[in-house]
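Going by Swiss-Prot, these are the annotated features:
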type	residues	note
COMPBIAS	21-30	compositional bias 'Acidic residues'
INTRAMEM	411-422	intramembrane segment
INTRAMEM	423-430	intramembrane segment
LIPID	CYS286	S-palmitoyl cysteine
MOD_RES	SER3	phosphoserine
MOD_RES	SER222	phosphoserine
MOD_RES	SER512	phosphoserine
MOD_RES	THR528	phosphothreonine
REGION	1-35	region 'Disordered'
REGION	203-239	region 'Disordered'
REGION	361-374	region 'S4-S5 linker'
MOTIF	423-428	motif 'Selectivity filter'
TRANSMEM	172-193	transmembrane segment
TRANSMEM	264-285	transmembrane segment
TRANSMEM	297-317	transmembrane segment
TRANSMEM	339-359	transmembrane segment
TRANSMEM	375-396	transmembrane segment
TRANSMEM	438-466	transmembrane segment
Amino acid sequence: MRSEKSLTLAAPGEVRGPEGEQQDAGEFQEAEGGGGCCSSERLVINISGLRYETQLRTLSLFPDTLLGDPGRRVRFFDPLRNEYFFDRNRPSFDAILYYYQSGGRLRRPVNVPLDIFMEEIRFYQLGDEALAAFREDEGCLPEGGEDEKPLPSQPFQRQVWLLFEYPESSGPARGIAIVSVLVILISIVIFCLETLPQFRADGRGGSNEGSGTRMSPASRGSHEEEDEDEDSYAFPGSIPSGGLGTGGTSSFSTLGGSFFTDPFFLVETLCIVWFTFELLVRFSACPSKAAFFRNIMNIIDLVAIFPYFITLGTELVQRHEQQPVSGGSGQNRQQAMSLAILRVIRLVRVFRIFKLSRHSKGLQILGKTLQASMRELGLLIFFLFIGVILFSSAVYFAEADDVDSLFPSIPDAFWWAVVTMTTVGYGDMYPMTVGGKIVGSLCAIAGVLTIALPVPVIVSNFNYFYHRETEQEEQGQYTHVTCGQPTPDLKATDNGLGKPDFAEASRERRSSYLPTPHRAYAEKRMLTEV
């Protein structure tokens, strides 16, 4: 039976070896972690009661890590049991030890959550390169610059920037965030309500009745179709239908200022005033103008307000340049083109709903999850594309002999393949033959399997960002100092290193491993003092 070497405690300032000779802490570190015959010796590592045994030369492959550096791991040594004790996660240490044994291969155990395993990587100080490689293998976004948010150098600009950009920074900032959310919701409600038939009918009916223009039944049908397209996007009465009639006069004078006195237009104007004011204030106070326009949320703010000004400018131009229509088709085509362009521009207003993500942590987590899962989503779309081509072709040839087939061509069958693989099944197109039904069954099964494959990866990314966000909120309540190496100031515990004798003996040796404040914390403290 192998006898284990042990150390006995002596007077403060000295350590006795296995033969009883006196050693100081420095001599003990050299004997324990030095080269020569000692490098083939084995040491015992206790992880929360689970003992591991490995060779010193295995750990010395990575001397810049916690276990590979004798000076760093000595603070965890228990001389009574002749082992290193770590009160850490036990399942994670299997992968940590395998990292040393395999020469740098880091694989997370399936029963260990991602955030816990990353904490273990940081604790054992495997290095930034190992952490970055692990995050890339897990499909997570690379760290760097996300947690350290720059602030303006001027005190006034800093206060304004915190007021409009960080709602959690103060009470007034939360009030401004609440006002912004209410304005966004009002704008979205107005965007939906103005398309109701009763509101669209008021503007259309008023212009037709007031214009005094009589149209033939044939021309009335065509112009009513144009009016429906017009009212589907424009403000009530913004482009009157009387102006499009043959032989009629412009109805702008008849309507007077209906466009500028419409309740929807007035509420929309108030919302745009707030959006513009908020955007200009944030732009003037931002620390970097170039980074301001690279932010996707600021681009959404611009997209949310420019349709209003384009529509307003078009309306003003038409009010000043509208001429009586003499029945020419060129004027009608120009009007139709203007209506189509404005309809698309007005559709952009729906993107205002994404402004809510600035004030919602949940939407931000969802956006980061989708960004981190772009590779899996791309594979999903690629597999769906292959399935659509395959099954649409198969169902077309399976139904080719049926005279009542609903699949006249392969492109027409694309729609059926998409709704079948996504398990929607509208029922507007369906196979009738036995072969077509078999193809449809296989298409549905393939769609379920294809969609289910990337779901675990997406869920894992969502859990990672969710736990990281909650941890940041909890850590933000405390003063946190990070350091590259552990602090030697230990209190008395049950292990040997916690004993006053051994701590006193190795204090001078470990004085070089004192922690230094993290750069981000130092900058934050300077800003607080200012």
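Using the three backbone atoms N, Cα and C, a Cβ is placed for every residue, glycine included.
Ranked by the number of CB pairs under 8 Å to the transmembrane segment (375-396), the listed stretches 172-193, 264-285, 297-317, 438-466 are led by 438-466. Around the residue listed as 'S-palmitoyl cysteine', the same-chain residues at least 6 positions away in sequence with a Cβ under 8 Å from its Cβ are PRO152, TRP161, PHE292. Mapped onto three states, the DSSP output places CYS286 (S-palmitoyl cysteine) in coil.
Counting only same-chain residues 6+ beyond the ends of the intramembrane segment (423-430), those with a CB under 8 A from a CB of the stretch are 406-407, 412-413, 415-416, 440, 444, 447-448, 451. Proximity of distant same-chain residues to the transmembrane segment (172-193), defined by a Cβ-Cβ separation under 8 Å and at least 6 residues beyond the stretch ends, is recorded for 162-164, 166, 199, 264, 267-268, 271, 274-275, 278, 349-350, 352-353, 355-356, 358-359.
The list of residues near the transmembrane segment (264-285) in space but at least 6 beyond its ends in sequence, with Cβ under 8 angstroms from a Cβ of it, reads 152, 157-158, 160-161, 164-165, 179-180, 183, 186-187, 190, 193-194, 199, 235-236, 292, 298, 301-302, 304-305, 308-309.
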